[in-house]
Amino acid sequence: MAAEIQPRPQARKPCLLSKIEAFQEVVTAAAIIPKEDGVISVSEDRTIRVWLKRDSGQYWPSVYHTMPSSCSCMSFNPETRRISVGMDTGSICEFILSEDYNKMTPALTYQAHQGRVAVVLFVLEMEWLLSTGQDRNFTWHCSESGQQLGTYRTAAWVSGLQFDVETRHAFVGDQSGQVTILKLEQDSCSLVTTFKGHTGNVTALCWDPAQRVLFSGSSDHSIIMWDIGGRKGTAIELQGHNDKVQGLCYASHTRQLISCSSDGSIVIWNMDVTRQETPEWLDSDSCQKCEQPFFWNFKQMWDSKKIGLRQHHCRKCGQAVCGKCSSKRSTIPLMGFEFEVRVCDSCHESITDEDRAPTATFHDSKHNIVYMHYEPTTGNLLTSGTDKVVKIWDMTPVVS
């Protein structure tokens with residue numbers, strides 16, 4: 001059913017501990033069970049499974065439950081052993097696991113959405129169940145009675161959801177690239193603000209209540225860190241993926257961000273450094289270095305008898321420059337650019353070797369990731385891929 005892999009100690013790399021391979025379809029969500037050496041998975045193959053590691057080192061299912069339709073998402077609360085499973089039909093089904101994780105008892109069913117449930121989040125402190133669906137509704141229910149407490153219609157299908165217990169703020173990321181902050185009450189909600197920094201869909205959100213920062217990942221390959229607590233509108237970009245960002249987890253004890261993308265890459269970001277905002281791109285009709293006209297500046301082209309040039313922008317200063325004045329490339333890790341980007345010649349000269357020191361490490365999971373879950377108590381990371389395989393990694397060599 002599942003093979004145990006004997007990891008070889010390698011410096012500063014995640015160690016693959018185990019694979020679970022017995023799925024007929026993609027695992028849409030999964031969670032590591034703290035203190036139990038187990039995994040809970042839900043899948044497009046309509047199954048909910050609880051996997052426990054046996055003495056042989058292999059994971060075998062102690063619970064195997066078939067649902068009437070595909071399972072689209074899941075939330076697991078270790079304290080109550082409550083599993084909340086979002087369904088393709090729009091309903092959310094809850095189960096309680098026994099203490100030995102060998103039995104699963106049905107609890108409540110919520111008729112939450114008219115379409116596929118996108119994200120489900122159980123909040124123990126409020127006794128609320130938050131959810132979003134492809135019907136573009138964000139809803140919250142009482143987890144004791146099953147009664148719907150409120151709903152909010154979003155502008156686009158919501159694909160990311162986080163909640164701050166202290167302020168009762170829900171962070172909602174949608175397919176238009178926008179993040180909305182809502183203030184939830186027992187039976188109503190109010191719009192706090194919206195902000196947008198992505199050019200693609202918001203695909204993942206991660207909230208750190210201690211630092212009061214929100215991380216958003218997108219199909220535009222970027223991650224943005226929004227400083228909510230600072231109240232200054234600071235937004236830091238992180239550019240280190242070549243494909244859609246599929247998952248974000250923050251290790252608050254080491255101040256490291258873990259991100260993964262569709263191409264299988266896992267990136268560990270050091271957030272314990274002073275990062276800089278990327279500059280706004282400046283508008284100009286001519287190069288702000290050599291003053292050559294850009295190709296739409298017909299008057300200057302005619303007056304100077306020169307051919308118009310294509311406009312570019314320096315990623316460090318934001319100035320509008322021509323190709324000749326921005327022929328150099330450089331990494332700028334403190335601005336989030338872990339890959340080489342275009343910079344103007346003067347900025348290139350100002351960037352030192354110390355400025356180019358990486359603030360992230362890059363690792364290959366060797367499968368196209370659709371979901372990830374990090375368990376800080378064990379330091380283990382779970383990834384699920386399009387290959388229908390779940391992998392469990394020891395992240396302590398890199399998250400420490």
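A Cβ is built for glycine as well, from the same backbone N, Cα and C atoms used for every other residue.
Bear in mind that the values here come from a model prediction, so they are computed numbers and not experimental data.
Taken from TrEMBL, the feature domain 'FYVE-type' applies to 281-352.
Residues 1-3, 59-74, 76, 78, 83, 85, 95, 97, 101-102, 104, 370-371, 373, 375, 377-378, 380, 382, 384-386, 388-392 of the same chain lie 6 or more positions beyond the ends of the repeat 'WD' (20-51) yet place their CB under 8 Å from a CB of it. TrEMBL lists 20-51 (among others) with the feature repeat 'WD'.
Summarising the annotation, TrEMBL assigns repeat 'WD' to 195-228 (among others). Confidence over the repeat 'WD' (195-228), given as mean pLDDT on the 0 to 100 scale, stands at 95.
Annotation comment: TrEMBL describes 238-272 (among others) as repeat 'WD'. For the repeat 'WD' (238-272), same-chain residues at least 6 beyond its ends with a Cβ under 8 Å from one of its own Cβ atoms are 14, 200, 203-206, 208, 210-211, 215-219, 221-225, 336-339, 341, 359-374, 376, 381, 383, 385, 393, 395, 398-400.
Annotation comment: TrEMBL describes 362-395 (among others) as repeat 'WD'. With a threshold of 8 Å between CB atoms, the same-chain residues lying at least 6 positions outside the repeat 'WD' (362-395) that come near it are 7, 13-21, 23-32, 34-35, 39, 41, 240, 246-247, 249, 251-253, 258, 260-268, 338.
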Exercise for the section: With DSSP as the reference, give the number of residues of the repeat 'WD' (195-228) in helix, strand and coil. Expected result: 0 helix, 21 strand, 13 coil
Practice task
Write out how many residues of the repeat 'WD' (238-272) are helix, how many strand and how many coil, based on DSSP.
Solution key: 0 helix, 21 strand, 14 coil
